[in-house]
């Protein structure tokens, strides 16, 4: 990812998981390490990035790689605890190997476990800090090929980070502790911290916490250093979301994430490892998102993400594509969307700014609309290289949130996501928007640049039902007589009711004439953008829930919307807020006899409606 709109995608043919990435800084190249024990060197300088070199380890499994700044030596740690050194230019093994037994010598009788960390001392690239999983850390002198110091600790290590002066380093452990070591005092840690441990009285050690999976240690010229870590929460925080912890001076901030943390990286103003780093942001890679945290602003707000990663923020349930839209449409959506800058975001620009845009090839505006499981709708500009979100609409806010489960009729899908969008019908010229949702509801929206407060939300309830009253005919041939106007109902037809429901249960106690969702009865403040013109809901009929809407169309020239399901079809005039037509499927097919199609008006069997 570079600046918004600049991104590039590469795929390894093997399909093996990527375990680590290392840029060759300022070289336009990248090393990837894979779970199948291969290393690949990507050339990013060409339009389509491609692999220049690959190297496969056959006897050992790769666990950790490190490429020092502006170095040609790539250090590759393995599960057996050895380190191999690869020449990045030729992408071949140099022959220099640091064997585990030579590194730990007699400090431990048993195998120290896989390599979990390698880094060079920021002040001396000839010294290598090697972390073994079991808790042993070794400072290795590359020239003399021997260990300068060995640091032993009885808790397993997950990660290690240097202080920029190269005199101290910090380790994160599986019991939720951090140990800070002075390089020249290998006997015991200089300091032990349990960020989330409850301090017990009478000087006992705090209770163990969950493992701290990664720690970073960043310094500032003007104040205290930042210690940033993932994991390490106490075991009694059951059901708590994954957290990133930022320790700065005496304050400890715990930032909750929506998904599991895969990795994080602190962005610093100083690119050189041996100077005050001046951290300003943290990039957190989550399982389904990428989050940037602003370290310079109080409360550590996040930056608003310009990449289209959030397309499945709530799962996409339907999607529509429109090409050749009117030229003023994207700017209009963008201007109302820009005002939606939600509160609580960092005031700064997105800090990742690399790369340049190519020229846009299309000359015509394209828009994609996505409908989501939570009832939200997003308009995306698809004319450029990547999707850019223009405007977001929340359709669910017109309904009351049902607090307890007993309030709402229990139909399987509706219970899960009652507001999920199923169909979108949009007229780009008039900008009228119509959506159908999973709870048999239709909402019509009009575009407006002014904010309004709607005192009463216009609504209409429609009864679409499918009733066949079998007429016994003596020889099975006769067709029931056609009704004359005003003689009540044809046995094959339905009795439509389009008036708002008053009764909520029929005489036999079955749920009747009530919709699945309850429209709010308090005034609704509607921001510039799409505003509600009319809410239409199909109602329950004698204990049967309304069937889902399967088809929808809007015609803004006539002010009409029409929708149907397996029971029938209804047409509504959304300007007058009335039902014009309500036909059961049976009526659409005419009489039962397939050969006799006598023309008759669909309005004949209808009581005159207001």
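Every residue gets a Cβ built from N, Cα and C, even glycine.
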Subject >> The annotated region 'Disordered' range in TrEMBL, which must be one of 473-512, 513-552 >> reply: 473-512
Subject >> Average pLDDT across the domain 'Lethal giant larvae homologue 2' (194-301), rounded to a whole number >> reply: 89
Original post:
Who are the chain neighbours of the repeat 'WD' (150-185) in space, where the CB to CB distance is under 8 Å and they lie at least 6 residues beyond its ends?
Top reply: 104-105, 107-108, 113, 116-117, 119, 121-124, 129, 131-139, 191-197, 208-217, 219, 225, 227, 229, 231-234, 273-277
Original post:
In the domain 'Lethal giant larvae homologue 2' (194-301), how many residues does DSSP assign to helix, to strand and to coil?
Top reply: 0 helix, 49 strand, 59 coil
Original post:
By DSSP, how many residues in the repeat 'WD' (150-185) are helix, how many strand, and how many coil?
Top reply: 0 helix, 19 strand, 17 coil
